[in-house]
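Trainee: My questions will all concern the structure given below.
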Amino acid sequence: ECFSSVKCFLSLYRFQACVYFASVFQAMSCGIHYLASVFMAVTPNFVCGFPGNVSSVLFHNSSASNIEDIWTLWTSAENYIVVQLENGEIWELDQCSRSKREVGLDLAYEYKGNKSVFPCSDGFLYDDTKWKSTVVTQWDLVCDREWLAKLIQPTFMLGVLIGAVIFGDIADRLGRQRVIWFTSAGQFVFGIAVAFTFDYYSFVIVRFLLAMVSSGYLVVAFVYVTEFVGIKARTWASMHVHAFFAMGIMVVALVGFLVRTWWVYQIFLSIATLPFVLCCWMLPETPFWLLSEERYEDAQKVIDTMARWNKVSTPCKVSELCSVQQDDLASGRTGDDDTSSTKKHNILDLFCNWQIARRTITVWLIWFTGSLGYYVFSLSSVNLGGNEYLNLFLIGAVELPCYIIACVAMDKLGRRNTLIPFLILSALICVLIMFIPQDFNILIILANMGGKFSIGVAFGLIYLYTAELYPTIVRSLAVGSGSMMCRVGSVVAPFCVYLRSVWIFMPLLLVGIMALLSGILTIMLPETLGKPLTNTLVEATEMGRNKKSYSEKTPPAHSGAALEKIELFGQERVSADK
């Protein structure tokens, strides 16, 4: 059914297909900037600098004339290097301090005599065999400044959180088209600007702004393509926005492999989606938003353009749509005495009774766990051993089939019956990785790919499942609050990865516990496959208590019939025109 939806999408909706692929192409840039720091902010091997010119270098039993020849022998941060200067002084170089031997005897690695300890006032020496330059080496973000390096990714994710809130609201006020224009241009401008920042603080500030526009684009792009794509292809189309994000991760791995200087690397990443920036001004506003703003003439122009592209000889008329919508509103007023539709709703409505409150807590936990697991697996991929570039590429590539599996499974098995096994599977994989010997690099990488695959299915599915679990009056609020928990998970994820320094398996343990807990709690959620969308909190509560009786009693909702006509342009008309 997934592939038939794709075929239907491409054959019946040529205009929507062009708009869709143009929009999601730029989603790659979001994946690029979200994960760019895995190589840009890497910390290579380093030791304290020394005052003067070196004549010989000693590392255990190996000697060399310069430090560059020693890095291949470096195995641990606890190691130190002994250097003899041209003036005869002998220094022991640790990572965050240096010691001058008081008695200059023959050069030897072990020394029992007196030493004077000095700070690293002459800077640091970095291993540049893998990375010629990173932001860490650029501004010496090591030792007592190491915490600044660890704040790079969390501050970016904080910008992601704030950007999602700000631009989501702006898109509702000013339109999707303008926000897409601004955020697309912003990603390019701020992306290039990052490469030319002059110090750490300007770097973090510009990256924060880049995070805001990247997140803003991704949030609005989901809404934009959903409002353009027809009902039959909506599940496939919305799920595969994630796939283009994953392709951005693969681009990061490829560019990181080819470019080893951080500012050049950043420029190449930023120009990867430049073609979209040059043509995004051609994208139209969605008829949904234009109708909501009562801009009927503009909506009619977009509808006529869609009709010409889709070869529909009798396109929909806005006047017809408005009359249908007014009929729906009138029937809603006479057939339903519930005044909740006119009531102002807030976050407390998601906890109006025990059934809904339990559902909200579970859904929030799934959003948080999905985001936490997604970024923990992604950010940790470069620390798995072997080729870090290949590891990140595979972690991105494994997402592509996972969304196809998710599309098929959620329509065949149901939303809940797909979510539960994949959440529990991701927890089991986290435990399995802990028992794999550390020298089995290939097996560890494959297990991490499996964990990313399973958490990716759950992460992609929760968007649609959340919308189906809540009634119309609080549906946007539920999805928005869940998305906020997702952003919180993305902010926490980098700190979770840093816990590897406490225990190498600590991040996996935390993700495994959260995934297992989420999977168990999901059992209590109702299945929504084949169920009509609910309109009131009473109906949503009834769906949770008595699933069978609810599916027999509740008729499909009539609201939105007018807008559904826009989506398909009356599929019957298209078929008749053929």
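Quick reminder: no glycine exception, Cβ is built from N, Cα and C everywhere.
Residues or ranges marked as transmembrane segment in TrEMBL: 12-36, 147-167, 179-198, 204-225, 237-257, 263-283, 361-377, 389-410, 417-436, 442-465, 477-497, 503-525. According to TrEMBL, the domain 'Major facilitator superfamily (MFS) profile' annotation covers 72-530.
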Trainee: If you average per-residue pLDDT over the domain 'Major facilitator superfamily (MFS) profile' (72-530), what number do you get?
Mentor: 84
Trainee: Among the recorded stretches 147-167, 237-257, 389-410, 417-436, which has the greatest number of Cβ pairs closer than 8 Å to the transmembrane segment (204-225)?
Mentor: 147-167
Trainee: Using a Cβ cut-off under 8 Å, which residues of the same chain at least 6 positions beyond either end of the transmembrane segment (12-36) come close to it?
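Mentor: Same-chain residues near the transmembrane segment (12-36) but 6 or more away: 156, 160, 180, 184, 187, 191, 210-211, 214-215, 217-218, 221, 224-225, 228-230, 233, 237, 240-241, 244-249, 251-252, 265-266, 269-270, 272-273, 275-277, 279-280, 283-284, 305-306, 309-311, 378-379, 392, 396, 568, 571, 574.
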Trainee: So which of 147-167, 389-410, 417-436 is most in touch with the transmembrane segment (361-377), counting Cβ pairs under 8 Å?
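Mentor: Comparing 147-167, 389-410, 417-436: 417-436 has the most Cβ pairs near the transmembrane segment (361-377).
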Trainee: Determine which residues of the chain contact the transmembrane segment (442-465) at the Cβ level, with the cut-off under 8 Å and only residues 6 or more beyond its ends counted.
Mentor: 222, 235, 238-239, 242, 363, 366-367, 369-371, 373-374, 377-378, 380-381, 384-386, 391, 394-395, 398-399, 401-403, 405-406, 409-410, 415-416, 418-419, 422-423, 425-426, 429-430, 432-433, 436, 479, 482, 508, 511, 515, 518, 528
Trainee: State the residues, same chain only, that lie 6 or more residues beyond the ends of the transmembrane segment (389-410) and have a CB under 8 A from a CB inside it; answer 'none' if no residue qualifies.
Mentor: 1-2, 5, 31, 35, 38, 235-236, 239-240, 242-243, 245-250, 252-254, 256-257, 377-378, 381-382, 418, 445, 448-449, 452-454, 456-457, 460-461, 464, 529
Trainee: State the residues, same chain only, that lie 6 or more residues beyond the ends of the transmembrane segment (179-198) and have a CB under 8 A from a CB inside it; answer 'none' if no residue qualifies.
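Mentor: Apart from its flanks, the transmembrane segment (179-198) reaches 23, 26, 29-30, 33, 167, 170-171, 206-207, 209-210, 213-214, 216-217, 220-221, 224, 263-264, 266-267, 269-271, 273-274, 276-277, 280-281, 283.
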Trainee: Most CB pairs under 8 Å with the transmembrane segment (417-436): which of 147-167, 237-257, 477-497, 503-525?
Mentor: 503-525
Trainee: Below 8 angstroms Cβ to Cβ, which residues of this chain, lying six or more residues outside the transmembrane segment (477-497), approach it?
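Mentor: Residues packing against the transmembrane segment (477-497) from afar: 150, 153-154, 157-158, 160-161, 164-165, 168, 215, 219, 345-347, 349-350, 360, 363-365, 367-372, 374-376, 379-380, 462-463, 466-467, 469-470, 506-507, 510-511.
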Trainee: With a Cβ cut-off under 8 Å, give me the same-chain residues at least six positions beyond the ends of the transmembrane segment (147-167) that come close to it.
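Mentor: Answer is 33-34, 37, 41, 43, 135-136, 139, 141, 179, 183, 200, 204, 207-220, 375, 379, 483-484, 487-488, 490-491, 493-495, 498.
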Trainee: Which sequence positions outside the transmembrane segment (237-257), separated from its termini by at least 6 residues, show Cβ-Cβ distances below 8 Å to it?
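Mentor: That would be 9, 20, 24-25, 27-36, 38-39, 218, 221-222, 225-226, 229, 265, 268-269, 272, 378, 389-393, 395-397, 399-400, 403, 406-407, 456, 459-460, 463-464.
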